[in-house]
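According to Swiss-Prot:
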{"type": "ACT_SITE", "residues": "K10", "note": "active site"}
{"type": "BINDING", "residues": "P95, I96, G97, S98, G99, L100, G101, G102, G103, S104, S105", "note": "ATP binding site"}
{"type": "ACT_SITE", "residues": "D137", "note": "active site"}
Amino acid sequence: MIRQWPAPAKLNLFLYITGRRPDGYHLLQTLVQFLDYGDSITIKSTNNSKIRLLNPMTSIAQEQNLVIRAARLLQCNCKSMGKIGADIWLEKRLPIGSGLGGGSSDAATTLIALNMQWQCGLNINMLSQLGLSLGADIPVFIYGKAAIAEGIGEHLTPVIPLEKWYLVALPPVKIATKLIFNHPNLPRNRPKRSIQQLFTEPFYNICEPITTKTFPVVEQHLLWLLKYAPSRLTGTGSGVFAEFNTESEARQIRSLTPKWMHSFIAKGVNISPLHRILRKTRIKSEELLLT
């Protein structure tokens, strides 16, 4: 079986840090919404027990690629009869270190797709636990619904924010999350808010001042967007986004972007494009993932 699957981007529409665990992980309150734009993964199931990424990324060792790690983790937890393997092709559109969740989304799509193609029968909670062992951002992609993520990202409350249009700018810099999260001046003690309070306050990313001060090129992109629309950082960066009510408004401003700005336009969606594909093919995500 050969199937192609989307691995969508995400935006953090707001992001706050409410504490820090003894193990160093930060406790968050963040609103995650998907974009109708992202990577694409093609998977061919095999019966030779090998997991192969046939177009490996030169910037990441294959053994460290989250797609390979996710596939091997599922392989170890799949009770399917006989040998199972996969040949995988990854089409990358989301830059590494951009705050758009590309690696986490790739891993989540790999887990969901291979769970189906290998007929492992794991439910959504099992897949989420596997994903969490690889990265805190992965569970929200597995559940596939816009959500308030709390804890280190594993506690999800589905919400329905407005589905706006976004002009996403991609500064030419890769930012490691730990670089920003370990910054001594990063605020880490914001009082936890109720969901109602979170939606009544102006959206804000607590990492934005640290990231823009550390990386002037990110500030340059953000200041340009702010001339035209409400704009913020996603994750710890480097990606920044401006929000619009209509596609035409977003395209009009994109037509004005300077030559040094790389960008794309996408719509915010509250159901992951991966789960929309499952529904369109009449395979409901709940039926696919829940036993």
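Just so you know, the numbers here start at 1 and follow the chain as drawn.
From the backbone N, Cα and C atoms, a Cβ is placed for every residue, glycine too.
Just so it is clear, the model here is predicted, and its values are computed rather than measured.
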DSSP state at S105 (ATP binding site), helix/strand/coil: helix
D137 (active site) versus P95 (ATP binding site) - Cα distance in angstrom: 16
Sparsest-packed among the binding-site residues, when each Cβ's other Cβ atoms within 10 Å are tallied, from P95, G103: P95
D137 (active site) CB neighbourhood, other CB atoms within 10 A: 26
Cβ contacts of K10 (active site) (under 8 Å, same chain, 6 or more positions away): V32, Q33, F34, L35, L100, G101, S105, D137, V140, F141, T234
G101 (ATP binding site), number of other Cβ atoms within 10 Å: 30
